[in-house]
Amino acid sequence: MQVTVFPSSPAAAPRCLRPRLSSTLLRPSPLPASIRYRPVPPACCSCGSAVTMADWAGTGTHAVSRREPEGERFVEVVVVRHGETSWNASRIVQGQMDPELNEIGRRQAVVVARRLSREARPAAVYSSDLKRAAETAEIIAKACGVSNLLLNEALRERHMGHLQGLKWDDAVNENPGVFKGFDIFEIKKDLDFDERNHELPGGGESLNQLSERCVSYLSKVAQDQSRLAYQIFMYYSLLFMENSEPEDVYPDVASTGERVIVVSHGAAIMELWRHTDPPNNSVRRKIPNTSLNIFRISSATGQWILEKCGDVAHLSQNDFLENAFGGDGASA
């Protein structure tokens, strides 16, 4: 399997079968400078330091029924939380630290990969470059027959500053001031406290910084994938015009634009939820390891629609994994 680490870009269109049609296929534009991320060194688990993005520009399945606007092209983005790590099970704050999957996490990844392999084949698999996400993504990509895995630090977990490497219970007692900036646990009594823009001490990110990098990156991925899907659709429409209607050539592309799989982290996924549902963005929901969260993103208007969140039906069918949610969304 080919693994590409930054710069990431959607998979290329298939080789033209007729030279005269090659001019109809345009390369997707590169990511704009505002959401490009420089290569960064891996986090250092032993010393507690990690890379920050701050200086860079209810349990169970929740189904959301929302209708897409007539005629608008949407890209389906299936966002998967990584499998379990020993830090998840021990309730240790991970943030941008880099522990690997534990044995349960690898089994979870295999189960969710098997489920995804039975659904529509994705055009690409994107992932955070942290080990727990990248390993989960590699297992999924292999099961789905996707040869090109794209890793990007824009999909990393929130940098948790001084909280990283601490157990949650210890962190609450030792760093109450730091915890004030992590709104999942915040009792909102201080009306003057701007939780969305509060950067966690120790080089940590604010929630708005986390949201900006994740939402911007996936919006651009959706835009490029939709453009590529349309180009491929038009190519085959021209190629088979004499024998088929366009809808018969590429019905999935014609109706939805494209489908991609993304592997990321708990706090990052929660920000994607909040982006789609601002009036209820303070609602806390659990994001189990390898849960599926399905979004549709319009390539034309940038609108996000949340279709499903926290779906772990694949794990409920495997009794040995039902209780393997040591960290839930808490330890990222």
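Along the chain as shown, residues are numbered 1 onward.
Cβ from N, Cα, C; glycine included.
TrEMBL does not curate its annotations; it predicts them automatically.
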* **Additional site residue, Arg118, Arg121, Arg132 [criterion: listed by TrEMBL with Arg81, His82, Gly83, Glu84, Thr85, Ser86, Trp87, Asn88 for substrate]** => Arg132
* Trp87 (substrate binding site), number of other Cβ atoms within 10 Å -> 24
* Span of the substrate site, taken as the largest CA to CA distance across Arg81, His82, Gly83, Glu84, Thr85, Ser86, Trp87, Asn88, Arg132 (Å, rounded to a whole number) -> 15
* Report the same-chain neighbours of Arg81 (substrate binding site): residues 6+ apart in sequence with Cβ closer than 8 Å to its Cβ, ordered by sequence. => Val263, Ser264, His265, Gly266, Ile269, Ile287, Pro288, Asn289, Thr290, Ser291, Asn293
* Count the other Cβ atoms sitting within 10 Å of the Cβ of Glu157 (active site, proton donor/acceptor), across every protein chain shown. => 29
* Cα-Cα distance linking Glu157 (active site, proton donor/acceptor) and Thr85 (substrate binding site), given in Å to the nearest integer -> 14
